[in-house]
Amino acid sequence: MDFEIVNGPIEALETDCVVVGVEAEGKPAPTAAALDKAASGYIQELIESGDITGKAGEQQMLFKVPGIKAKRVLVLGLGKADERKDRHYRKLVGGIAGTLKKAGVSSAVVALDGLASEQQDTYRQTRQLVEWASEELYQYDITKSKKADPIKLETLSILLSEDETELGEGALLDGAAIANGVSSAREVANLPGNICTPSYLAERAIGLAETFESISVEILDEAQMEELGMGALLSVGRGSAQPSRLIVMQYKGGNEDEKPHALVGKGITFDTGGISLKPGAEMDEMKFDMGGAASVLGTMEAVAEMQLPLNVVGVIAAAENMPGSKATKPGDIVTTLSGQTVEILNTDAEGRLVLCDALTYVGRFQPQSVIDIATLTGACIIALGHQASGLLSNNDELADALLDAGEYAADRAWQLPLWDEFQEQLDSNFADIANIGGRPAGTITAACFLARFTKEYRWAHLDIAGVAWKSGKAKGATGRCVPLLSQYLLDLAEQKESAEQG
Ligand code: BES
Ligand code: MN
Ligand code: ZN
């Protein structure tokens with residue numbers, strides 16, 4: 001589906017459907033009022049008869065409205081202006097996309113006025129419409145023999161004034177790039193563990209490098225990782241027939257000598273818990289344990305599509321955690337790439353084991369910042385539920401940049417403390433460090449473990465256990481944190497450009 005910006009009087013738009021809004025207490029937004037005028041009070045009549053009230057979420061599809069070129073008019077109830085937030089706008093956009101899909105129209109024009117909060121800028125509002133309409137229209141069918149009906153909607157246009165058009169067009173490009181990144185992340189994360197293996201993740205990265213000239217990729221196999229001394233990462237895949245992989249992507253949009261920003265994703269393509277086996281209920285959802293890896297792939301794609309003037313390294317630590325006869329056992333001690341030894345007291349705390357070696361590995365790029373993204377702890381779901389990603393960092397400026405990016409991109413994170421006092425929970429009698437810290441503050445002690453490997457650079461950790469996928473009837477991957485990460489990099493690119501302009 002294509003997005004475009006259109007101008008002009010609403011009554012003159014030739015399209016299958018125009019979408020306008022009416023506020024609470026039946027007050028038409030400006031574009032709805034203009035349409036009403038062209039239609040000689042047709043909408044006003046429906047307001048007066050009580051068929052249109054403006055209640056939030058209300059939808060009325062009108063046909064053959066007189067005095068206008070469009071074939072249909074979809075009137076949305078906007079609710080009260082002062083109650084309008086991202087959450088409401090997101091629901092409105094989802095509702096519009098859902099209705100247009102069901103109506104089977106091939107083109108539509110949305111008038112944005114009144115839909116989002118009044119404080120909202122045109123760029124953000126336009127971009128969100130693209131991202132959220134795309135989110136609603138995503139449908140998974142790769143592993144179904146009966147394919148989903150293709151979406152008929154070919155062009156979704158946004159009506160803006162002429163002086164807002166340029167801004168709007170920039171928003172469309174960014175929005176489409178991020179939306180594509182989110183869809184790709186969802187698609188790869190939704191695949192079952194018997195298709196999406198560590199080697200499959202490597203294939204996806206190779207695919208990106210084939211699509212974008214600005215991306216190159218290197219895949220390290222187990223022998224190469226052995227040679228380097230990645231004992232922690234390798235210990236996780238020991239019980240699996242699927243070989244582990246370290247996937248290293250490089251996006252070059254900045255100068256040759258410019259230090260990169262690094263993204264490191266947890267890519268456990270299935271987490272049984274290993275010998276510390278998980279209970280059976282809902283274990284299928286552990287195919288989503290590569291959600292961090294999916295968000296790295298999706299963000300690399302978005303960044304390449306936006307052609308950001310930065311260098312970005314994307315690393316995926318990919319392994320399958322299985323309880324085979326060669327599997328790591330509780331009490332086993334491994335030596336990490338950093339030289340530190342780890343006593344593996346619980347083989348289900350495997351994410352930190354693959355990540356710690358990948359985090360040491362990215363040090364070789366002398367990165368300006370490193371962000372790891374991981375479905376790391378069930379404790380994060382208890383702490384923050386399914387709304388916010390957990391954020392922990394060794395650098396407050398970096399943490400603030402990520403919190404702001406998450407807020408702007410409506411993909412929020414919430415910071416937890418990374419105090420040294422928590423480190424004691426990881427003491428081991430037999431190695432430098434244990435891989436678990438007991439029940440209290442499970443998200444923090446997991447981050448404390450990673451912090452032992454990230455002392456050389458500015459680092460932040462995003463625990464996406466609660467947000468990477470939905471359970472129940474709507475079971476499926478969300479593509480989070482692609483919007484947050486893309487926004488963080490967009491912000492960096494903007495800062496860099498304004499610094500260069502002096
Ligand atoms: N992938 C899981 C974390 C997880 C669990 C994410 C449920 C989403 C839903 C991770 O590898 C894990 O098993 N963590 C353990 C750590 C514990 C053994 C210290 C956990 O959270 O129970
Ligand atoms: Mn686990
Ligand atoms: Zn896991």
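Cβ atoms here come from the backbone N, Cα and C positions, even for glycine.
In TrEMBL, annotation is done automatically, which means it is predicted and not curated.
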Of the candidates ASP271, ASP284, ASP411, ASP420, the one that TrEMBL places in the Mn(2+) 1 site of ASP348, GLU350: ASP271
Listed co-binder of Mn(2+) 2 (same site as LYS266, ASP271, GLU350, source TrEMBL) among ASP289, ASP332, ASP372: ASP289
Where the C-beta lies under 6 angstroms from ligand 3, the matching recorded positions among LYS266, ASP271, LYS278, ASP289, ASP348, ARG352: ASP271, ASP289
Long-range neighbours of the domain 'Cytosol aminopeptidase' (346-353), counting only residues six or more past its ends (CB under 8 A): 232-233, 235-236, 266, 268, 271, 273-278, 289, 319, 321, 323, 327-330, 334, 374-376, 435-436, 446, 449-450
Residue among recorded positions LYS266, ASP271, LYS278, ASP289 with Cα closest to the Cα of ARG352 (active site): LYS266
Recorded positions close to ligand 1 - of LYS278, ASP289, ARG352, only those whose C-beta is under 6 Å away: ASP289
Helix, strand and coil totals (DSSP H, G, I; E, B; other) for the domain 'Cytosol aminopeptidase' (346-353): 3 helix, 0 strand, 5 coil
